[in-house]
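Before anything else, here's the structure in question.
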Amino acid sequence: EAAAGEEKADQGRNGHAEGPAEQRRGGGARLRGCRGFLRRNALVLLTVSGVVAGVALGAAVRGAALGPAQVAYLAFPGELLLRMLRMVILPLVVCSLVSGAASLDTRSLGRLGGIALAYFLGTTLLASGLAVALGFIVRPGAGASALNTPGLGLPGALPTSKETVDSFLDLVRNLFPANLVAAAFRTYATDYKMLLRNTTSGNVTLEKIPVGTEIEGMNILGLVLFALVLGVALKKLGPEGEDLIRFFNSFNEATMVLVSWIMWYVPIGIMFLVGSKIVEMEDIVLLVTSLGKYIFASILGHFIHGGIILPLIYFAATRQNPYRFLLGLITPLATAFATCSSSATLPSMIKCIEENNGVDKRISRFILPIGATVNMDGAAIFQCMAAVFIAQLNNVDLNPGQIFTILVTATASSVGAAGVPAGGVLTIAIILEAIGLPTNDLSLILAVDWIVDRTTTVVNVEGDALGAGILNYLNEKDKREREQELKEVTIEAIANSKSEAETSPLVTHKNPVSNTSSTADPESKESVL
């Protein structure tokens, strides 16, 4: 009893002595956990801080009355970010699509491609229908006033209106570039030349003749199609194409390393991009009061589509939380908001969706470059809302045929919309021409494009990311089902082989009296053959 009492006393003393040490260990664990969280999410926190700091910087410098040269100097760090992101677009798109198409078997490629096409077309049609419905509900063009005052800062030059047929023909021409090297920096576009013709009656008429021209800008559609076909061809070659596939895989991984380095410059670039854009605004109060309903309707459409419809589609397909999926994509979404370019957001989107959300590299590098070119949900909302706005501004009541034309034309023209800032404004001219509305009101859209284009790009890249998540889930599910089928076939084959060995007439037993001994000893069976 005395020894037990001394042991209890020692345990009590040790407990009292170890209490503060345990508390220190607990505090150290919490500190390490906090450091680990900050280390894992440092880029996200810095990016969000860059956006907030950019707004504060623009508001602070706005009162200094900077000239155009000073504003250009202020935007210089942001311009460097855009140049670096555009620098890696070409190798990233080509190498990722070649390696992605070559890594997927033909069956998976066709299946995933069909699902991706249905997803892209379906979500774009939904976005177009939502925009038209909101346009009739909110009526952004009804009663708009003070729209031609100089305080709006309306641009003087408008995009050249193009025939609808020529626009779609240009889309098909760009799918098959005549020169792959030129496709890296030039795009085919139809221009018009006016010719004077004398008629037999002596009257002079002007005739508009389409002329093919090359304009500045990467022909991303042609490069995407070529890279896909090249990847499939390398897969068909078998062992002969493996060296080139490994080359593109290595090139792709090296490009992703460059992207990871560029991502640490994103917060600085975003801060100066947002700050300089706020300084460039002329009279924001007049702009918002005159075009406030249009801005509100467009952003509301983007919020409904990006915050409700797309997550619901993801949840219906995967039964997983879409907002947790989007939480890992804060950095590319903030990059899209600041740069207004879905193509410039592609490098960071591929990096984050693979590292944070665990999407298979073969899926992300196959689907995301295509989605950045083809899937433009936000642009479809922006274009349809602009068409309804201009129709209401001109007191034109749209009939069902014109509404159907808007939906189809917006869905089709968003495929060819350039993934650069203000790229969607050019396609609005196609829609207006298709329904017979004047294009001179496009200056109003350009005046607020820098506001609406930010939410447009965010919805564009969000649709691409959720589509990649859906395809990754379906691919994993298909893989598990095939593995399960393979296991069942293997088990059945083993069972059949055992039953054949026991019942085959070609097998005799040395000791037919005892079945247990024959099954226990494998050498007790011999074949008559």
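Just so it is clear, glycine is given a Cβ too, placed from its N, Cα and C backbone atoms.
TrEMBL: automatically predicted annotations, no manual curation.
Feature annotation from TrEMBL assigns compositional bias 'Basic and acidic residues' to 1-25. For 511-521, the entry in TrEMBL reads compositional bias 'Polar residues'. Look at TrEMBL and you will find 1-28, 500-529 tagged as region 'Disordered'. Summarising the annotation, TrEMBL assigns transmembrane segment to 42-64, 84-104, 116-138, 217-234, 254-274, 294-317, 323-346.
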Using a Cβ cut-off of under 8 Å, list the residues of the same chain at least 6 residues beyond the transmembrane segment (294-317) that approach it.
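Contacts of the transmembrane segment (294-317) (Cβ under 8 Å, skipping residues fewer than 6 from its ends): 119, 123, 126-127, 130-131, 134-135, 138, 140-141, 144, 288, 323, 325-326, 377-378, 381-382, 385-386, 389, 444, 448, 451-452, 455-456, 458-459, 462-463, 466, 469-470, 473-474.
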Should anything in the same chain at least six residues away from the transmembrane segment (217-234) have a Cβ under 8 Å from its Cβ atoms, list it; otherwise answer none.
89-90, 93-95, 97-102, 106, 109, 171, 174-177, 180, 182-188, 241, 244-245, 248, 343, 369-370, 372-373, 416, 418-420
Give the nonlocal contacts of the transmembrane segment (254-274) in its own chain as ranges (CB under 8 Å, at least six residues past its ends).
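Distal contacts: 43, 46-47, 49-51, 53-55, 57-58, 74-78, 80-82, 84-85, 88, 91-92, 95, 331, 334-335, 338-339, 347-348, 350-351.
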